[in-house]
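Now, the feature entries from TrEMBL:
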DOMAIN    19-213  domain 'GH16'
ACT_SITE  Glu99  active site, nucleophile
ACT_SITE  Glu103  active site, proton donor
CARBOHYD  Asn107  N-linked glycosylation site
Amino acid sequence: MRVSSLIIVSATFLGALAVASVGNFYRDFDISWGDQRARILNGGQDMALTLDRASGSGIQSKNEYLFGRIDMQIKLVPGNSAGTVTAYYLSSQGPTHDEIDFEFLGNLSGNPYTLHTNVYTQGKGNREQQFHLWFDPTKAFHTYSIVWNPKRIIFMVDNIPIRVFNNLGSIGVPFPQSQPMRLYASLWNADDWATMGGRVKTDWTNAPFTSSFRNFNANACIRAPGSSSCIRTDTNQDSTWQDQTLDAAGRNRIRWVQQKYMIYNYCTDVKRFPQGLPPECKQSRFL
């Protein structure tokens, strides 16, 4: 990363330029579990996570981010991936942690993956939306992005928005905005729930299972060590994520995705919320 100057800024910044970092897995991540099952390849440009009967594997970013745009290209476990979960998410730590999730739930050969998304604030989630994808995510790499700014979170697939979670603190909806989060990726066995509610188990004759990652990019504010402030760099990198919203084309695309490919939305699950849907469900999803 070429840095012209480092500046300490408040954690509540809105308009400052952010760190722009073309990622390297050696430089930017630590292998957090799974030992040799997590492999960094090609001089740090690529990474592979493996799951076998003994263990899965995972990595975590060395930096903590407070707002930003995170991009990762992922190619998922091919074939019979039932019971496996490939996860890619931002999270803080502790019982009142915040979290922004992409989780890819495996399935039997020939059936589609389920893309599971969720947002946790102060340790509480229950905001799941699930999708099928309009392509086979095991055949090639696709880009999965999290845009997180003080106004909203946007989940994107190949730059197409699939979900927006707005900051509706004005009506009492908690929003992740004060806890810096690390980026995590993992591959693990979750056959107690991942495929058809746990009815389909992992077929270990197909092990080891592998998901591949490349082209990590963080255009984000990095928390300064031991501080509630963050470090940014003055660069010419794109900082549009700081107030990114959906234009007319973006609203049309998210409607297309949600009408054709959404398979679960907590905001329509009246049986789950007999006392009434969460307050954010009454607001426009596309603001």
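Yeah, the Cβs are placed from backbone N, Cα and C, and that goes for glycine too.
Not measured: the values here are computed from a predicted model.
Per-residue pLDDT, averaged over the domain 'GH16' (19-213), rounds to 95. Spacing of the residue listed as 'active site, nucleophile' relative to Asn107 (N-linked glycosylation site) is 25 Å (Cα to Cα, whole number).
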